[in-house]
């Protein structure tokens, strides 16, 4: 909570002149929250579209993924609203009403953070239960871990919601009546609760990550290995941020103390990035294969070879190319065999059929029509054949 007595004017002047760290600057907090929330909703819509429209096999993991992203949005919106009332500045510089607004939305942020960390794990575990074959050790382990995460998430969400009894409003009204856990008046109890939540969250993240690693070694999971590899990479990164947040909380005391509005932005942004990466593990692998298949269809290309072949008769002479008749005109195929061009309506000027018989030294079985040759009559050709003998 904030200090009760107002500090001297010279202290206030020194606090107001102190430069703001990067996490405490309003534009930085707004930029991080807006970009991460927008990108996460795009990936979530892609997941829902894939599961409901393309695959048409929605399940519980899709439901909890949407719930987790909604809770994450509640947390990021709370941070954005808190910047309007003085988040990132020293508490001594804020009015009593501004502090009430900051603590109110800090309460909302705490609920969203605690519930989203649990629902993301539930969504991933439901996915693993759907992928693993019943009867496997990993299948049983995923079921057991799902029960543990549900109990853990319910307990943390309850503590974050009912921070004070009988009314949670005592927290943001700064009336320390019946407050405990995340709203405890004792600094040791407050920091212990925050450290316990961060440590247990990191431990459960590691257990969920182990299931993703185990899935990489299944022989019948070839079609899902690339998706599981994406989960593995992002899950490892999320665990890294969870560890970073845990170390930061141990060093700084969880961003609480006599100046919570000044100390909160750093751990708050770390928590936001951690939940963002964990939520991506439950969304991107489902619609990325569909996008990749669509890109392959768009940019598909075919390789083909064009070859030209000329057909010749048994004597090595190229067959004559015939033309096409105009539409509606038919002709007898025998005309073409007799050397008559039906398209030109005149004889074909070639002596190839007769020359074949001459060079072979055989007698023609029939006298070719005289109209085939332009260089002489049939009698002249007969005399030439006699002289050849």
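Note: Cβ is positioned from N, Cα and C throughout, glycine not excepted.
Please treat TrEMBL annotations as automatic predictions, because they have not gone through curation.
These numbers come from a predicted model, not from an experiment.
Summarising the annotation, TrEMBL assigns compositional bias 'Polar residues' to 363-381. TrEMBL lists 47-292 with the feature domain 'Rhodopsin'. Residues or ranges marked as region 'Disordered' by TrEMBL: 360-389. Summarising the annotation, TrEMBL assigns transmembrane segment to 29-50, 62-87, 107-129, 141-163, 199-217, 229-247, 267-288.
Ranked by number of Cβ pairs under 8 Å to the transmembrane segment (267-288), the listed stretches 29-50, 62-87, 107-129, 141-163, 199-217 are led by 29-50. 199-217 is the stretch from 62-87, 199-217, 229-247 with the greatest number of Cβ pairs below 8 Å to the transmembrane segment (141-163).
Regional average pLDDT for the domain 'Rhodopsin' (47-292) in the model is 85.
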